[in-house]
Each structure stands twice: as C-alpha cells, then as structure tokens.
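Structure first, then comments.
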Amino acid sequence: MLRRKRERRNAVKENEMVIDTPLEKRRTPGKPRATREPPISVVITGHSKGSEDDLISFVWRKVKVRLMNISYSPASVTAVVKSQDFSRLNGLNGAAFAGDHLAIRRVDGASNVTQDYRKAKTKRSFRSVSAPSLSALATQAQRNVSKTLPQSTNETIEKLRQFLQTRYQPATKFLDLGNLQQDPLLKQMGILAEASTKSKMFPALMKVASLNFPDVISVSLSDNNLQSVTAVTTLAQTWPKLLNLSLANNRITSLSDLDPWSPKTKLPELQELVLVGNPIVTTFANRAMDYQREMVSRFPKLRLLDGNSINSEIIASQSTVPFPVYQSFFDKVETEQIVNSFLAAFFKGWDENRSALVNQLYSPNATFSISLNASNVRTNFSQKTDTKKWGAYKMKSRNLLYSQSQKESKSRLFNGHEEISNAVKSLPATAHDLSDRSQWVFDGWNLVLPSVGAAIKIVVHGQFEEPQNKRLLRSFDRTLLILPGGSTGILIINDLLVIRSFAGSLGWLPGQSSVRTSNNAMSASASKPSDIVQPRPEQAMLDTRQQIVLKIKAETGLNDYYAHMCCEQNNWDYNSALASFLELKSRNVIPAEAFS
C-alpha cells in the first residue's frame with residue numbers, strides 16, 4: 001500500500017515538471033541534429049553541341065545527379081544541385097559530351113535558389129525540424145521566373161497556340177517559324193524580351209505545337225539570327241519525320257553549328273534543306289560536291305539542297321557498301337546442283353516429318369544446336385508479337401544470354417539420332433516456302449576436313465512461318481556440313497540453326513555490281529546442266545580479278561587491302577603487279593601494315 005502511494009506522488013511531480021519546464025530544458029541532451037546543406041549553384045560549359053535534354057540525360061546516366069532550375073543557353077548552363085551531389089557532378093569535369101568536353105565550376109556566392117533556401121530557414125518556427133525540400137525551392141524559383149511574363153501559364157499556352165495557328169498552313173502541313181523576333185503577338189506577350197524567358201520559349205513552343213499540330217512535314221526557321229541549331233534542337237524531337245526544313249538567312253557558319261542534328265537518328269527522313277543566306281554557303285562556294293556530301297552524311301535521305309538536286313553519285317555512295325551485294329554463291333555448277341536438290345528435300349522433311357528426316361539424313365555422329373538472336377535489328381517487316389513467342393527456342397538456345405552455365409550450354413549441344421530427334425520435335429511446326437527464290441540465299445562450296453575428308457559447307461539465309469502461331473514469320477540462318485554417304489548419298493554431320501526476328505530479304509537484293517543468281521525452281525530432283533544460268537561477263541571479270549589478288553597475296557604476303565591496291569594500280573596485270581611490288585620492296589618503301 002505504501003509503495004503504491006509513493007509511485008503516485010512521484011508521477012504527480014513528474015507531470016508538474018513537464019508542464020512548468022520550458023521546452024528547451026525538457027529536451028534530453030544528445031547528438032546535435034543534422035542540418036541540410038543548402039544547394040550548390042554550378043555553371044557548365046562545353047555543352048553547346050548537345051541539347052538541354054541531352055545534357056540532363058547524360059549527367060543522370062553517368063553520375064545519377066539531377067540538375068535543377070536549369071537556365072540553358074549556347075554559351076553556358078547554370079543549374080542547382082544538392083550539396084551532397086556536387087562531388088559526383090564535379091567528376092564529369094573534362095568528360096566527353098556531344099563532340100566536346102564539359103567544364104564544371106561551382107559559383108561563389110548564393111544563387112537565387114540558395115537565397116530562397118536561407119530565407120526559408122530563418123523563418124522556421126521552433127517546431128520545424130527540416131529544411132524545405134529542394135523540389136519546393138526549385139518550384140518557387142520557377143514561379144519567380146514565370147513572374148516576368150505578363151500572362152498566367154494557361155494564358156501563355158493559349159496565346160502560343162494562337163500564334164502557331166496563324167503560322168500553320170494545313171493544306172501543305174507547313175509551319176512558318178521565321179522571323180520570330182518581329183512577330184506582333186510574341187512582342188505583345190513579352191516572351192522574347194528577356195534572356196531568361198527567351199531561352200525557354202522555343203521548347204515551350206514545340207511542346208504546344210506537338211499537341212496541336214503533330215502532322216507537320218515542312219518548317220521554316222528563316223531570319224531568326226541563329227548561330228547554330230542548339231537553341232532549336234527540340235524541333236527534331238517534336239517532328240522526327242520532318243521532310244522539308246529552311247534555315248535561310250541565319251548566321252550558321254560551320255558544319256559544327258549543325259552538329260546537334262548531325263546524328264542520323266535526329267532527322268532521318270529530311271529530304272530538303274535550305275541554307276541560303278548563311279555564311280556556310282560562302283564557305284563551300286567553290287566546293288559544291290563537298291557541300292552536298294557533308295549534308296548528305298548528316299541527313300541520309302536529303303535530295304534537295306538550296307533548291308539543287310543532290311548529285312546521283314553522292315546518293316549512291318550513301319546507299320552502297322564497299323563491296324557489291326551478292327546473292328547465292330557456289331564454287332562449281334556441280335555444287336549448286338547438289339545443294340539445290342539437297343535443300344529442297346531437307347526443308348520438305350523438316351516441315352513434314354522431322355524424326356524421319358533425322359534418321360534418314362543425319363549421321364549417327366551428327367551434332368545439332370540452336371542459337372536465338374532475339375535482339376537483332378528490327379525492321380518495318382518485324383511483327384510486334386514475334387518476341388512474345390520465343391519460349392521454345394530459349395529452352396534449347398546455346399546463346400550465352402539464355403544458358404546460365406557451361407554445363408547447361410553443353411547439354412544443349414545435341415549429338416546422335418536420339419538427342420537430335422527429341423530436340424527438333426520440341427520446336428514449333430514450320431513451313432518453308434521455297435517457291436520465291438528472291439526470299440532466299442544459298443551458299444555452297446567444297447572443302448576438305450582432316451577428320452572426315454571431302455565435304456560441302458552450306459549456308460542458308462531465309463524465312464519460315466509458324467502455322468500454329470497465326471502464321472508468324474521468322475528469319476533464320478542455317479549452316480550445314482554434309483558428306484557423301486547414307487541411303488540418300490548425303491549425310492549431315494553438323495547443323496547450326498540461328499533464329500531471328502523477321503527482317504525480310506532486302507539485305508541481299510542485288511545491286512548494280514552484284515553477281516548473277518540462280519533462279520532455278522527448287523525441286524526434289526537435281527537441275528539439269530542446261531537449266532543452269534551461265535555466268536554473266538561481269539561475274540567472269542570479278543572472278544579473274546579475285547584470282548589475281550589471291551596470287552599476289554600468296555606470292556608477296558600482302559594483306560587483302562594492299563594486294564587489291566597493287567593489282568588495281570597495275571591494271572590487273574599479274575606480272576606488272578608483281579614487278580611493281582618487287583621494285584617498291586627493294587626501295588624499302590612498303591609500310592609494315594601492308595603485311596599485317
């Protein structure tokens with residue numbers, strides 16, 4: 001009883017102390033509370049060849065630092081970062097960015113945002129325990145900027161929409177953004193009066209335009225005093241399929257002024273460009289071909305430059321590869337007959353009865369493997385659903401992306417009739433249509449292997465359907481090694497199948513320099529010699545020159561490039577090429593890299 005009375009008296013005293021004692025005396029002593037450091041203002045230069053979005057993305061990707069309250073101009077970028085992030089951001093000093101190198105420095109003295117932070121800090125009541133968030137400060141700073149505009153945000157957006165409406169021609173899908181400084185409506189808005197609002201005007205204009213005029217195909221940016229396209233780089237993001245663009249009567253001086261749009265992904269469809277009235281036109285006044293070549297290298301589909309058609313040779317050089325595009329290749333007519341006959345029977349058996357095919361055409365010691373390439377470059381032919389049905393192939397693929405260990409990879413190399421038969425039966429049903437030879441490429445040549453002797457290597461590029469998957473199309477590459485033997489006269493000892501997303505057959509359509517192809521219809525029986533298309537004259541010439549190059553390589557030890565150059569400079573005469581080589585070698589003027 002006495003103990004309970006003592007406890008009640010003590011509790012009453014403690015309550016009285018809590019009520020009477022000031023707040024600061026009631027707090028128990030401990031570690032001082034951590035205070036948040038104010039944000040740091042920075043200035044970034046060396047960014048002029050990239051856009052504001054490019055810079056923000058680059059910094060976040062490299063060091064995971066967010067740039068806030070950004071003021072962007074071609075000369076410099078000012079921004080604010082968290083105090084704890086500055087050291088990471090400073091690590092990007094000298095980093096390569098858009099063809100230049102970034103320079104980052106801390107600004108001495110408090111920025112507007114830092115001052116806002118400190119004012120907020122001094123106004124804290126004793127009950128506040130945390131500093132205002134950086135996002136709140138950035139929002140406040142943005143409000144301060146918006147106060148320079150005479151209209152509210154909604155009113156500004158509406159007036160920008162009205163301005164664009166007066167400049168847009170819906171019949172031709174043409175938007176005239178020329179001479180913006182002299183536009184009465186923009187002058188009335190005051191949006192171009194100060195640098196702080198002027199730098200943000202064009203991105204805002206593009207945002208409004210993208211929402212109201214998404215189908216624009218032609219734009220004029222003439223008479224805007226542009227020294228580079230950095231300030232208007234968001235145009236390419238707004239209309240990436242733009243066809244016609246005028247930059248006439250600006251101050252673009254060099255090719256580097258166009259670099260923000262130089263990546264071929266920025267304006268890939270651009271067909272006409274006007275630069276008349278810019279200093280760069282004077283720079284290339286006597287070099288018309290170089291001028292066109294430089295512009296086409298930046299805009300691959302360009303066909304008109306300053307009203308002049310692009311030279312056909314320049315267009316051709318952009319769409320060709322160093323070597324001609326070939327279709328099917330066979331070292332001998334006999335090889336072509338064997339391969340055509342074999343592949344017709346092979347794909348027929350693969351589509352209809354794989355188990356019987358394996359027992360009939362595969363060697364008892366044959367190996368079979370699958371590799372899935374689900375990340376190949378997709379084209380307009382690719383189907384949206386093709387990546388959703390890779391499961392059966394992933395389970396068998398030896399691709400390192402789908403094989404978790406060496407043991408698992410080894411288990412997916414199938415050997416002998418039983419393993420191969422079980423593997424191929426688990427794959428989706430297919431249908432190979434061999435009637436259209438333009439959809440296929442067959443290569444075949446003879447070789448001698450130490451372990452098995454004479455063999456033929458076959459490489460196939462083509463496509464097939466999966467009838468059970470709504471006739472889904474796939475592209476594939478297949479490499480087969482065949483030997484004479486078995487009941488059919490041919491045995492497969494190695495079969496490698498690579499499956500890809502459907503990409504069509506444009507990759508091997510013949511160009512002007514391509515060699516002949518065999519258009520023989522595929523059938524189960526071999527073609528007759530009279531049906532074989534005879535080589536064209538240009539094919540014979542290519543074969544002869546190739547033989548000369550190979551002989552020079554064997555005789556001199558030159559690599560492919562220098563051997564070809566040696567033959568070409570001597571008009572493809574073997575004796576002259578060899579004599580020229582010996583003379584140059586005696587004078588010790590052939591570089592070492594010619595033999596690497």
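Placed from the backbone N, Cα and C atoms, the Cβ positions cover glycine too.
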Notebook entry, point to check: Out of S133, S328, S397, which residue gets the phosphoserine annotation in Swiss-Prot?
Noted result: S133
Notebook entry, point to check: From S128, S254, S382, S405, pick the one Swiss-Prot annotates as phosphoserine?
Noted result: S128
Check: Do you know which of S130, S220, S256, S525 is annotated phosphoserine by Swiss-Prot?
Finding: S130
Check: Other than its close neighbours in sequence, what residues sit by the repeat 'LRR 3' (263-282), given a CB gap under 8 Å and a spacing of at least six beyond its ends?
Finding: 222, 236, 240-255, 257, 291, 295, 298-307
Note to self: Do any residues, 6 or more residues outside the repeat 'LRR 2' (241-262), come within under 8 Å Cβ-to-Cβ of it, and if so which ones?
What the structure shows: 49-51, 54, 98-99, 174, 178, 216-230, 233, 235, 268-280, 283, 294, 298-299
